[in-house]
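Lifted from Swiss-Prot, the feature list:
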BINDING   14-21, Thr38, 62-66, 120-123  GTP binding site
LIPID     Cys208  S-geranylgeranyl cysteine
Amino acid sequence: MESLSKYKLVFLGDQSVGKTSIITRFMYDTFDITYQATIGIDFLSKTMYLEDRTVRLQLWDTAGQERFRSLIPSYIRDSSVAIVVYDITNKVSFTNTIKWIEDVRNERGNNVVIMLVGNKTDLADKRQVSIEEGEAKAKEYDIMFTETSAKAGFNIKALFRKVASALPGIDSNSMTKNQHEIISEVDITDGGKPALKEGDGFCSSSRC
């Protein structure tokens, strides 16, 4: 039996940008309105089913507070993916993505997939960072980019599918057209629900 490929994904970004909420939405399809800061590092894993293989995603949720920054390089060091999150309603959190990206580059060079994520699109009326600014930052650093809403569930599964398609050893041709393009195709309706329902393909069992 072929062994299950495992990939480490580390979530980085300032405090309260929604790193934990993105992971919780992906893992359990829930959103906790009560904010609790991550203390140190949390770890969860989930199995993801692609068309031609199954992978185990190991999700490392890091604290955004400055007092925990000394811990983070050691977790970046052996990661396959770095997901750098900012809050679209907080310009400072966007500006600070530069230092998070540089931390990743310093530890991993170019041997890592980096995804820049603008979270909290459900608060579009309070937006301080435009989509164009996010796209420009991603282009500048030659990394991937998307926007999400952990609260509304917008683009969460699409985010992980996009990351999965870029993992080392994954043939991007095995991802369907919809899996490749769903990030730009889905949208938020007036009711705050995704206009396009994303497909499943994830193990929801606690044993995954």
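Glycine residues also receive a Cβ, built from the backbone N, Cα and C atoms like all the rest.
Under DSSP, Thr62 (GTP binding site) is assigned to a strand (E or B) in the three-state scheme.
A sphere of 10 angstroms centred on the C-beta of Thr20 (GTP binding site) encloses 23 other C-beta atoms.
Counting every protein chain shown, the Cβ of Thr62 (GTP binding site) has 22 other Cβ atoms within 10 Å.
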